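**Student:** Okay, handing you the structure first.
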Amino acid sequence: MASADDFKFHEFDEASDLLAADPNATTKSLGEESRPQHATLLVGGDSEEEEGESDQTEVLDRVRGSILPIPGKNFVRNHLRNNPDLYGPFWICATLVITVTIMGNLGTYMRLHDQKGYKYSPEFHKLSVAGVTIYSYAWAVPLGLWGFLQWRKGVSPEVGSYSFMETVCIYGYSLSAYIPATVLCVVPFEIFRWILILVATGLSSLVLVLAFWPHIRRDNKVVVISLVAVMVALHVLLAVGCKVYFFRQPEISDPVVPVANTTAQKIIQVTN
């Protein structure tokens with residue numbers, strides 16, 4: 001039969017060795033370890049900073065690739081690399097909403113500020129219009145395109161498609177070309193503005209066509225031409241709509257002269 005000493009707690013030799021190596025080391029009882037711990041896990045600041053810098057570098061690389069597309073290079077294969085993100089598209093859309101609204105208001109002010117009797121009135125409602133328009137476009141159009149390509153994959157096995165997240169990512173980054181264009185549209189010259197919009201639309205549309213071309217090029221020619229035409233047309237419609245609504249040329253009306261004053265002036269001229 002076991003003696004009472006056999007039921008006593010015996011410390012492990014490993015614990016004695018650890019204490020001998022490090023006298024400041026602490027030990028825990030099983031009761032202490034079973035209690036819930038409320039301390040937060042602190043991750044090394046250096047690793048967080050390095051990861052953040054890596055993410056920022058990757059996003060900036062994708063922005064550069066979307067603003068300056070190179071024929072023969074696929075945006076997804078060379079920049080996304082099966083790792084789509086929503087961080088870049090979200091902030092690109094947010095930046096575009098802000099720039100198109102502020103620069104549109106500022107352009108109107110620069111055009112009319114020297115007119116007699118003009119009082120600047122900020123059009124804050126345009127911020128909501130820009131937000132709804134741009135974010136709806138950045139999500140609804142990719143959803144429709146992704147659904148169409150999924151259907152075409154079932155019809156023609158040679159047709160491919162990206163995931164929904166990749167499609168949204170492509171469209172979000174493609175809008176980055178419009179940001180510098182809208183900033184420069186503050187210059188109140190219509191021809192210059194239209195040139196900027198056309199260049200930005202061309203670059204942005206080229207990103208889309210180059211990205212989706214490998215998946216749709218083997219489909220029926222009529223379908224391919226129609227799909228590319230619709231993609232480019234929607235992009236042009238977005239750009240032209242923003243130009244006409246946010247950067248429209250304000251009408252400069254001549255100051256209205258009261259009728260009483262003109263009548264009095266005529267009487268004075270006749271009497272003289």
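Glycine residues also receive a Cβ, built from the backbone N, Cα and C atoms like all the rest.
Keep in mind that TrEMBL annotations are predicted by a computer and have not been checked by a curator.
As listed in TrEMBL for this protein:
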type     : residues : note
COMPBIAS : 46-58    : compositional bias 'Acidic residues'
DOMAIN   : 67-238   : domain 'Yip1'
REGION   : 20-58    : region 'Disordered'
TRANSMEM : 86-106   : transmembrane segment
TRANSMEM : 127-148  : transmembrane segment
TRANSMEM : 168-187  : transmembrane segment
TRANSMEM : 194-216  : transmembrane segment
TRANSMEM : 222-246  : transmembrane segment
**Student:** How does the model score the domain 'Yip1' (67-238) in terms of mean pLDDT?
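**Tutor:** For the domain 'Yip1' (67-238), the model's average pLDDT rounds to 90.
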**Student:** Between the stretches 86-106, 127-148, 222-246, which one has more Cβ pairs under 8 Å with the transmembrane segment (168-187) than any other?
**Tutor:** 86-106
